[in-house]
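Colleague: Residues or ranges marked as active site, proton acceptor in Swiss-Prot (evidence: similarity to another entry): 239. What Swiss-Prot records for 168, 205, 268 is Zn(2+) 2 binding site, and it gives similarity to another entry as the kind of evidence. For 205, 240, 547, the entry in Swiss-Prot reads Zn(2+) 1 binding site, with the evidence type similarity to another entry. If you look up Swiss-Prot, you'll see 88, 176, 228, 381, 525 marked as N-linked glycosylation site, on the strength of sequence analysis. Under the heading region 'Disordered', Swiss-Prot lists 44-65. Annotation source Swiss-Prot lists topological domain 'Lumenal' at 41-576. Marked as transmembrane segment by Swiss-Prot: 20-40.
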């Protein structure tokens, strides 16, 4: 999720990008077509091109029912979900946190250099200390890069790898031009009993998860729980600006302490539970993220008076290269270890709305190339879904020329890619060079990469350069089977089947995929088991407000998120 400058048009957040396919999922099921956003099982060995952590089921796709995993220490789960006094107290805690405007921009100073810029973060820290006294009495608090909060609840067995919970303290700005459109002031934290919503910026991204983790641990302390496994909370402060000051520093600090694969599992913000058909629910903790890369493409030519122009200015060359890129999108590459396949499987096996033909195509795809091709065709025809099975490209910025009668010496544009699971930064770079070479040869330009590595020598007209600006490989796939997954999935199953939904057995757990990136991108070397999940039932209309006007969160969803964190901590200690 990327921060937005105040007064500028809102930029689509990671959650906003996902609200589209979540909305589309429900509609697509109703009309009997295809839907996806998340998935389950890895591919058969002969089809998997990329290793994943752990061994997943490699046979017939099945959206099997997970056995609920209920701990013996379950003192307050029912209280969290159903007690009016706890509910009212929780509403107040979340509302008060939303009232503190911990806003970040795209670019932010180092906290030590400009503490006044972060004054509201210090206010939030004081609020935590006053609101959660047991945590601040019994847990060790360390501050990393001034504002990163690291809470450690020491377990009795130092040989056990710690459990790590993540969230971020920061929120995106509010566009001042939208203030009149807000139902309640954006930092009011207003609770509306008619809708059962808490309103305000950050209420659903992600002060809900932040406060849920605090509340769960505070309640465990009140209940007298004593962990044998250490519990760590790592709370960044600039996730909306890519986490370069917060999560990056925290991850480095934790790596020095615990080393490679030193953490049992990591839970951060992510997707939740969706009702994919009437009374059929699927939980989708995210176990993978696409990669990311930005390239700056420069057409470096010569200036002069516009009255004696060449056949093609640098702007013209840039335009044709952009056209070449956009006329040649990346191929669709779908394998069955793509997490989106699991939700398709759940729909095929449990939805009453999908046609038999659709179900046969989904379930038969691993065994029949023709059906796999048909499945890919269906996915690729859904505009909100196709980005999950290919590398995307978007030309987002372009600059060239300064005056009507002066030829532009240089034209530059930026192209952003979200990299498919089985691709890489190098593969994307090579492909971009291929098309740039075609244009360079066509118009007699040289070609270089990263400024000084010439593929074609510079000519009298100039040269084209492609420079890599920022890169992130696709995230490793975390397990969708095995002991760590079983405890996570079993906890989700128990909290929702037996608690939130009151014995509704049409509840399934699978995994999911993000096309954007969370703070977990800095934590890959700390654990093979990274899951992005908030224990709440997804409301489509609610998701439309993320990073936008009238952001809000439903109270029942917030309470279930607390219950999940509470029970997951206990289950990890009892069963891992």
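Cβ atoms are placed via backbone N, Cα and C, with glycine included.
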Colleague: What does DSSP assign residue 88 (N-linked glycosylation site), in three states?
Modeller: helix
Colleague: Rounded to an integer, what is the Cα-Cα distance in Å between residue 168 (Zn(2+) 2 binding site) and residue 381 (N-linked glycosylation site)?
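Modeller: About 35 Å separate the Cα atoms of these two residues.
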Colleague: Near residue 205 (Zn(2+) 2 binding site), which recorded positions out of 88, 176, 228, 381, 547 have their CA within 10 Å?
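Modeller: Near residue 205 (Zn(2+) 2 binding site), where near means Cα within 10 Å, the recorded positions are 547.
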Colleague: For the topological domain 'Lumenal' (41-576), provide the mean pLDDT of the predicted model.
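Modeller: Across the residues of the topological domain 'Lumenal' (41-576) the model's pLDDT averages 94 on the 0 to 100 scale.
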Colleague: Taking Cα atoms as reference points, rank the recorded positions 239, 240, 268, 547 by distance from residue 525 (N-linked glycosylation site) and give the first.
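Modeller: Of the recorded positions 239, 240, 268, 547, 268 has its Cα closest to that of residue 525 (N-linked glycosylation site).
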Colleague: Helix, strand or coil for residue 168 (Zn(2+) 2 binding site)? Use DSSP.
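Modeller: For residue 168 (Zn(2+) 2 binding site) - judged by DSSP and reduced to three states - the answer is strand.
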Colleague: In Å, rounded, how far does the Cα of residue 547 (Zn(2+) 1 binding site) sit from the Cα of the residue listed as 'active site, proton acceptor'?
Modeller: 13
Colleague: Distance between residue 88 (N-linked glycosylation site) and residue 268 (Zn(2+) 2 binding site) at the Cα atoms, whole Å?
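Modeller: For residue 88 (N-linked glycosylation site) versus residue 268 (Zn(2+) 2 binding site), the Cα atoms are 25 Å apart.
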Colleague: State the Cα to Cα distance, in Å, between residue 381 (N-linked glycosylation site) and residue 240 (Zn(2+) 1 binding site), rounded to an integer.
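Modeller: The Cα atom of residue 381 (N-linked glycosylation site) is 31 Å away from the Cα atom of residue 240 (Zn(2+) 1 binding site).
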Colleague: Just to be sure I understand the packing, how many Cβ atoms besides its own are within 10 Å of the Cβ of residue 547 (Zn(2+) 1 binding site)?
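Modeller: For residue 547 (Zn(2+) 1 binding site), the count of other Cβ atoms within 10 Å is 26.
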Colleague: In terms of DSSP three-state secondary structure, what is the assignment for residue 205 (Zn(2+) 2 binding site)?
Modeller: coil
Colleague: Compared by Cα position, which of the recorded positions 176, 239, 240 is the closest one to residue 268 (Zn(2+) 2 binding site)?
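Modeller: Result for residue 268 (Zn(2+) 2 binding site): the nearest of the recorded positions is 239.
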Colleague: Using all protein chains shown, find which of the glycosylation sites 381, 525 scores highest when you count other CB atoms within 10 A of its CB.
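Modeller: Going through 381, 525 one by one, the largest Cβ count within 10 Å is at 525.
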